[in-house]
Amino acid sequence: MTEVPWSAVPNGTDAAFLAGLGSLWGNSTIASTAAVSSSFRCALIKTGFQFYYLPAVYILVFIIGFLGNSVAIWMFVFHMKPWSGISVYMFNLALADFLYVLTLPALIFYYFNKTDWIFGDVMCKLQRFIFHVNLYGSILFLTCISAHRYSGVVYPLKSLGRLKKKNAIYVSVLVWLIVVVAISPILFYSGTGIRKNKTVTCYDSTSDEYLRSYFIYSMCTTVAMFCIPLVLILGCYGLIVRALIYKDLDNSPLRRKSIYLVIIVLTVFAVSYIPFHVMKTMNLRARLDFQTPEMCDFNDRVYATYQVTRGLASLNSCVDPILYFLAGDTFRRRLSRATRKASRRSEANLQSKSEEMTLNILSEFKQNGDTSL
């Protein structure tokens with residue numbers, strides 16, 4: 001096990017208040033409590049599983065996410081034209097996932113290297129920035145996909161004009177702008193720090209110096225870019241399910257794709273997004289307000305659970321390609337057609353090379369004067 005002190009920075013306001021009460025009332029207990037709370041910080045115990053669990057998850061996400069999203073982008077660019085509105089959102093979702101998985105090799109090395117960051121402060125900031133851009137970009141694009149499907153199912157005629165590709169492009173540009181602006185403070189809060197053992201940490205949140213303001217920022221982004229989209233998605237899906245029950249859509253492609261969409265997106269939120277945001281908030285609160293000797297074991301458990309949810313939060317990059325395959329507009333059919341075409345082309349090339357090789361062999365025999373063939 002490795003001890004990594006969070007900090008020895010006092011919780012200034014609370015400590016000063018307690019110290020003032022102790023001085024005013026002459027109460028040594030309160031004064032000593034103030035002294036403890038102003039100086040004591042739990043030593044964070046990093047157990048061995050964190051050095052193996054996270055890199056194992058990230059390796060899995062990198063392999064599956066890289067292959068799945070590469071195929072998805074290839075399909076959208078070369079085989080899905082003309083795009084529908086929902087294809088625009090899915091392409092942007094695949095792009096966000098692909099950019100994130102490209103950053104994982106550095107993170108994998110970081111954890112195999114016992115969390116000693118060797119890539120510099122700028123790369124650390126960029127790593128954390130891209131993670132959060134992917135996280136909240138994915139949530140917002142899933143919200144757009146859900147709203148798009150809701151309009152198509154519940155108001156199929158009224159929504160014809162609103163579901164055009166041009167409008168989806170405008171919305172996608174707006175989503176990217178919102179996410180980049182909202183996440184840009186991460187470039188300030190994140191960064192590297194030197195531990196007592198001279199190794200370098202890459203903060204996944206921030207140092208204790210900026211922890212309280214980061215907590216406020218984190219809560220604002222959680223409410224605006226997670227809670228509100230989740231409520232909108234649940235509302236859309238409730239109305240979609242209601243429409244599927246009351247409308248005559250038995251065995252229609254729209255019904256099937258809508259059901260797949262509901263199941264996959266809710267699974268992603270239940271497994272990846274909800275646990276991560278709950279445990280991230282608890283971990284920040286523990287670092288801020290639960291710094292007493294009797295709370296250190298609790299803080300260690302919170303931190304360990306938070307690390308588990310960090311791995312789960314990255315799994316959406318593996319699951320999203322399943323969404324394109326099952327719930328996308330004609331994605332599965334065109335992927336099958338593209339693979340068959342590529343297979344036929346490969347067979348034709350192989351046959352052509354075989355014929356060329358045979359002709360070359362016959363030519364060599366003739367040149368050598370061998371007429372036995």
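Count begins at 1; order follows the chain as displayed.
Cβ atoms are placed via backbone N, Cα and C, with glycine included.
The membrane topology recorded in Swiss-Prot places Lys196 on the side opposite to Thr339. The recorded disulfide partner of Cys124, taken from Swiss-Prot and restricted to Cys42, Cys202, is Cys202. In the disulfide annotation of Swiss-Prot, Cys42 is paired with Cys296 out of the candidates Cys296, Cys318. Ranked by the number of CB pairs under 8 Å to the transmembrane segment (215-237), the listed stretches 52-74, 88-109, 126-147, 167-188, 304-325 are led by 126-147.
Among 52-74, 88-109, 126-147, 261-284, 261-284 has the largest number of CB pairs under 8 A with the transmembrane segment (304-325). A distance of 12 Å separates the Cα atom of Asn113 (N-linked glycosylation site) from that of Cys202 (disulfide bond). Against the transmembrane segment (167-188), the recorded stretches 52-74, 88-109, 126-147, 261-284 differ in Cβ pairs under 8 Å, and the greatest number is found for 126-147.
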